[in-house]
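Here the structure comes first, spelled out in structure tokens, and everything after it is commentary.
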Amino acid sequence: MSVTSQQPTGSNQSALIVAIVAIFGTSQQQPRVTEIQNYFILASYAVLVYDTLLTFRYEYAFIWRRKFSWISFFYVSARYGALMAIIWTAIVGNATKYSIVAASFLLFSVSQGMVNIAIASLLLGSAYAVSKGNRVTIRILALIMAETVLLNLSAIACALAVIISARSGVVTIYETLSGGALCNGIFVTAAVALITFRFGWNQFPGVFRSDTRTLTRVFLQYGVMRFLLIFVWVWEVVWSAGLELFGGLGGADGPLELRLSILLLCRFILEIRKFDDHIPSVPSFSIESIPGIQGRLQRFQESILESFGSSILNRESRSVGELSGPSPDEGASTEIRITREEFPWTIGQDEESRGGVDV
């Protein structure tokens, strides 16, 4: 059966275009509102493209020239998937032909879902590294990751259903899933910030007391401070869009917020790669002896820890503990006595009567 025979025709195509345009929040009755929304989309695209060009030499050195791992895949998915999502958004908002609108809408949904999953994977991986493989933490993060994947795959499937049948019920479900993905992004960011702050609390005062830029400091800056910025901004977008404030412009800055969030996350990954370039990781030999699926899971967990510099974090944690703790020389005797019984050739006849030499 051909694809064209399944396409809606006439009024159904018009209904589909109207439904998709409504999903993207554009307004045919208020051209000025649509124009301002397009300005925000263009600004978000310009910011992301500018940062991509600005950091490309580091990206080339730390991503493309190295072995392509899962962290590299999600980095590329987040940065370049976001660029593609902006392009599809612009096409949907300005196209009038059914085939172009439908294809662009589906590609936008796939790109956006890929970006959301990539962001969650990178954030949750960093939280797992900070927790140093805590068993309770990995269970919590695994549940959050499974929920994120399920939610975004459901949104992609629902986008396909919108194209097939532009019914109001299907459109409502898609909008609900999209809103759920946005709220899930807030939840993931909050969980990562709490875990980072919880396991980095003991090092928090000592890290910022020094001018040295450590990996722990990078984690705390991007994990906690990024959360505060994104959390406040996302709630502003949701609140203003829900109440339809500012003459219908509420939530228009959402695309800019999302791209700045991706920008900060990608810079965080590049910072981690810089530290990993200076200090090589130490491979684990005990993991190879574990057979079957358990060994594979253990190796995957180890790769997450090493990708986010867990060995460096452990080394810095011990250094901070030593600096904040008592001096190793406090209360310890530094006197060394050489006795005749241990080293008879080092003691002359005049020192024999004293029983040893003080050094």
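Positions of Cβ are set from backbone N, Cα and C atoms, glycine also.
Per TrEMBL, the feature domain 'DUF6533' maps to 39-84. Annotation source TrEMBL lists region 'Disordered' at 319-359. The transmembrane segment annotation in TrEMBL covers 39-56, 68-92, 98-128, 140-164, 176-197, 218-235.
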Selection from 140-164, 176-197, 218-235, the stretch that has most Cβ pairs under 8 A to the transmembrane segment (98-128): 140-164
Counts by DSSP class (helix H/G/I, strand E/B, coil) across the domain 'DUF6533' (39-84): 40 helix, 0 strand, 6 coil
